[in-house]
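Colleague: I grabbed these lines from TrEMBL:
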TRANSMEM  A:48-77  transmembrane segment
TRANSMEM  A:146-166  transmembrane segment
TRANSMEM  A:205-224  transmembrane segment
TRANSMEM  A:236-257  transmembrane segment
């Protein structure tokens, strides 16, 4: 019994210590003067993290928009309310699906790659040798990746929403015959820029911070062995997904709880 | 030239988990000389270099470089101090996303404002010195272990550091490049007056270039002196190491229970996983 309590206590201490390390890590990486060199490194990472995630995010967005329209239509048509399809597709995507699904895909596509890349740099002593050359890997390796993650996920989310709404149009209007004017008209009158688009983007920004932070920290903090890298990569995807879903509920409650 | 030693290690203690690596190590590394640190595998030679470079923090004791206490410096000052050092890692630790040329150019690009043409000249000079000027376009994955180490040496020398730490420079070299490397380490030292620390267990090569030798075993400095004096040292532990005798006071085996008992207990206990 005592040993169990001790173990619980040790787990608690380890957890707090890891959170502290992760916080210090984030602070040390992000504080610093921007430079032309840093901008170039950031741009390179924008390509790896953002541009290369574009395909999977856009394809998923298209299919999710199409499925939403299909499912929504079969329900709405029973009430003769299929004119509200545009509104339904747009609101579901902007408020919920685009930020959450894009973040989950981002964690799987870019997060795991970040963890593995930084972890392998650590295992092969590249980070150590960089330190000995007098270059701080937090500034040179970690910071550009963090900023690239922060910027690219919200942009990917915009792409996800846009193509999802177009996918809904494809199925709803072109295929199932909802009137084109009511698809767009209802959407225009019901979507509020601040409440819907703004809050959705805010969610996406929070997810971007959390997912990128987890991914990069897991890579930097891992045990530098093959097993360590595989575990850390798994942890990145699991922790990020759980964090995104959990935070989504909290944020939704705060943002839309009183909208009614 | 300043006569005070460049690096002073005092009462250094360090442990990993339950295992004590260092139990009070004192060393002084004089300026402009090659100091060798030797000892059996697992005696913590690489750890010692990482402690000197400030990558690990000791449990007790101090490391000072040119009067600066390495572990009391702020992160920023530590990085500034490291610009005056070069370190050759055992694995080479080249940046795998940069070519050989860019690897050697890296310290020059980040720490100097030299124009590209001058960087090119310096890089080619350094690569020529390690015999790999022709390999400049290759990526690190295309190099053999020995070649990677020579590129890493060129990179460590790129900024002409005051202090250079060599971690096992001779491992994995063929006899020809071994000879060249030994000469090179000696030559850069004499020509540039830099201070070198060589960690190695290749006795013959190391003794041929070292000015002073420390032998580390069991977490302590077991002996120190000039190569000549160590060669004739009567201490049985020193002479066992210096002459590579298999058995003697320094055990070949990592500390373990009695072999006979261990074999009989197979499958009962002791296997921790």
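Just so you know, glycine gets a Cβ as well, placed from its N, Cα and C.
In terms of burial and nearby residues, how do these features look in this structure?
Modeller: With a cut-off of 8 Å between Cβ atoms, the residues of this chain six or more beyond the transmembrane segment (A:146-166) that come close are 26, 29-30, 42, 45-46, 48-50, 53-54, 57-58, 60-62, 64-65, 68, 86, 89-90, 93-94, 97-99, 101-103, 106, 110, 114, 187, 200-201, 204-205, 207-209, 211-213, 215-216.
With a cut-off of 8 Å between Cβ atoms, the residues of this chain six or more beyond the transmembrane segment (A:236-257) that come close are 95-96, 99-100, 103-104, 107-108, 111-112, 114-115, 195, 199, 202-203, 206-207, 210-211, 214-215, 218-219.
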Colleague: What residues in the same chain, six or more past the boundaries of the transmembrane segment (A:48-77), come closer than 8 Å to it by Cβ-Cβ distance?
Modeller: 84-85, 88-89, 92-93, 97-98, 101-102, 105-106, 109-110, 113-114, 145, 148-149, 151-152, 155-156, 159-172, 176, 178
